[in-house]
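Asker: From TrEMBL, for reference:
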ACT_SITE  12  active site
ACT_SITE  135  active site
BINDING   93, 94, 95, 96, 97, 98, 99, 100, 101, 102, 103  ATP binding site
DOMAIN    66-143  domain 'GHMP kinase N-terminal'
DOMAIN    214-276  domain 'GHMP kinase C-terminal'
Ligand SMILES: C[C@](O)(CO)[C@H](O)COP(=O)(O)OP(=O)(O)OC[C@H]1O[C@@H](n2ccc(N)nc2=O)[C@H](O)[C@@H]1O
Ligand SMILES: Nc1ncnc2c1ncn2[C@@H]1O[C@H](COP(=O)(O)OP(=O)(O)OP(=O)(O)O)[C@@H](O)[C@H]1O
């Protein structure tokens, strides 16, 4: 029986994010096009001798509030007692719109399913995941997907692979506050013409021209108004040859898409000393990679 598992869990990027409205439990109904990127956190899981869930995460997060702990505790309370030592090494920046906490939760659910041979169906995995956070279902499966509802309705799409440059200024944004700001400052238009466009997504290959013509992030306008550095980053990405530049999630990371690696790398060397936290990465077709 496997007693140990080491994983990489990948960041999520929102290529498109539309806020449709608020549902009956106060959560926002969303339409997202998500892509996994090869920027990752590392997790190691090892069974212990009835010591419960022991987390070593090297972060400032209260251990009991860490999504890793919360996920393991949820399964321990609802399925089977969990006795695991868990080590987490974070690389994905926090409060960045890159779903780092969700990726860690996804890795934990995935690992426990394997280590404890729970044989959970995809639906059961999603049901557990959505209890922990809106991005956790996507992060379990990853790749290129439409995520709808709160984030639990997933549909595969055919999206080209690209090179990315991520720039995360030293300002974080809480998802909860970002939704509040959006509600107060923008509200809802339910733009039906864009919904029709998006329906095509499920059947067609999405290329950079489609992205340029159709994709946006509803949070972006609000954040660009609040933080002028985000505008500067966006302009810099375009000046350095990005085919498309936008904010991911509720911010504050801005991303540039490049069709070739060389242009992306030249942009990296130009911008890495101008801005804080500049990352090079590319699309990946899964959410989690087993190392051993
Ligand atoms: C904005 C996105 O990052 C886009 O990928 C996600 O939808 C947010 O996902 P997440 O970080 O996993 O969010 P959660 O931890 O579930 O929620 C944080 C807070 O954001 C608000 N929230 C989140 C998701 C959603 N669809 N509607 C919301 O109103 C809620 O106030 C919630 O308390
Ligand atoms: N393992 C974890 N990694 C990062 N944040 C965590 C983790 N566990 C709990 N959290 C909490 O989650 C919040 C930040 O999450 P995260 O870094 O995923 O934000 P984000 O990048 O803005 O994500 P999203 O795009 O999903 O909004 C903080 O309140 C933090 O305390």
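Quick reminder: no glycine exception, Cβ is built from N, Cα and C everywhere.
Curation does not apply to TrEMBL; its annotations are automatic.
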Asker: Report the recorded positions (93, 95, 103, 135) that meet this criterion: Cβ distance to the nearest atom of ligand 1 under 6 Å. Use sequence order and write none if nothing qualifies.
Answerer: 135
Asker: Please list, in sequence order, the residues in the chain of residue 103 (ATP binding site) that are at least six apart in sequence and whose C-beta is under 8 Å away from its C-beta.
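Answerer: For residue 103 (ATP binding site), the qualifying residues are 9, 10, 11, 12, 40, 41, 92, 135, 139, 287.
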Asker: Which recorded positions from the set 95, 97, 103, 135 come near ligand 2, judged by a Cβ under 6 Å from any of its atoms?
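Answerer: The ones that qualify, in sequence order, are 95, 97, 135.
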Asker: Count the residues of the domain 'GHMP kinase N-terminal' (66-143) that DSSP assigns to helix (H, G, I), to strand (E, B) and to coil, and report the three numbers in that order.
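Answerer: Summed over the domain 'GHMP kinase N-terminal' (66-143), the classes give 45 helix, 6 strand, 27 coil.
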Asker: Just going by other Cβ atoms within 10 Å, which of the binding-site residues 93, 97, 99, 101 has the emptiest spot?
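Answerer: Comparing Cβ neighbours within 10 Å for the binding-site residues 93, 97, 99, 101, 93 has the fewest.
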Asker: Could you say whether, by DSSP, residue 12 (active site) belongs to a helix, a strand or a coil region?
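Answerer: Going by the DSSP assignment, residue 12 (active site) falls within a strand, counted as strand.
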Asker: Across the whole of the domain 'GHMP kinase C-terminal' (214-276), what does the mean pLDDT come to? Round it, please.
Answerer: 96
Asker: Count up the helix, strand and coil residues in the domain 'GHMP kinase C-terminal' (214-276) according to DSSP, in that order.
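Answerer: Counting residues by DSSP class gives 33 helix, 10 strand, 20 coil.
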Asker: Using the structure shown, find which entry in 12, 95, 135 (the recorded positions) has the sparsest Cβ neighbourhood within 10 Å.
Answerer: 95
Asker: Cβ within 8 Å of the ATP site's Cβ centroid: which residues qualify beyond 93, 94, 95, 96, 97, 98, 99, 100, 101, 102, 103?
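Answerer: Surrounding the site, in chain order, are 11, 12, 92, 249.
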